[in-house]
């Protein structure tokens, strides 16, 4: 058994509970905890941040300052999900983030209340000039509904970055990624980081569940990576509703049998999805700074807390 290299800054995980804000929309206790900590403390004081010194070539410096970025492009990915591209002031700038990091997005309501949510960029950390966020709109999601109402040219306020897992090449022979819905964003960040590095030989197994084919986010990008690196990346899609003639998808849920040959002590498992997904496979976090007990399918397969990380 081995020790995983978790990053547990005192409050960082409060903001990093979900790359897409899905937890905060559906877990009122968690949302209240985030709000209380943001209001009462300087949440960046004890962070291990993605960057430690000011660098004009980088947009996000981890210094706690809010910055405004303009929306340069909006692309509809599904009936309730859009990809927003935010332009940097200098086209030669990079985000300054590391894998795997998220940023905080904020808007102020008409009543003067701050609404703050964490999101994981899907753009390569070395990409110049802009940053992409994939954001789903939930019926009762305050930030999602707000940003979906914006147009190209409008601005959004951000700060960050918050490093959730400090990826090191070849740390494990294989990583197993379990994703549901918009929980794909931090997993995609890992996939992209590993495959762009020819020295990183880590094998990747992605098990990705959605309601329907139209709900699969970043499928074009995922399929492109899998096609380019067939010996390194394997992706399996699971759908609640799918035509039996479509052989690229499996109908139903990710099963214990699907995972049994991959969940091993030497491999690392990463899990990200909505609360029911987390409950089924790994159990929820006990608190924003505590991964909690390992339960569900992964526990049944004999996995340990040390080789499972919940985004």
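For all residues, glycine too, the Cβ spot is worked out from N, Cα and C.
Predicted automatically and left uncurated, TrEMBL annotations should be read as such.
Note that the coordinates shown come from a computational prediction; the quantities given were computed from them, not determined experimentally.
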Site co-member for FAD according to TrEMBL, given 117, 118, 119, 134, 136, 185, out of 128, 142: 142
Among 119, 134, 136, which are binding-site residues, the residue with the most C-beta atoms within 10 angstroms of its C-beta: 119
Taking residues 117, 118, 119, 134, 136, 142, 185, which bind FAD in the record, the widest Cα spacing (Å, whole number): 20
For residue 118 (FAD binding site), the number of other Cβ atoms found within 10 Å of its own Cβ: 26
Binding-site residues compared (117, 142) - the one with the fewest other Cβ atoms within 10 Å: 142
Residues of the domain 'FAD-binding FR-type' (64-174) by DSSP state, where helix covers H, G and I: 7 helix, 53 strand, 51 coil
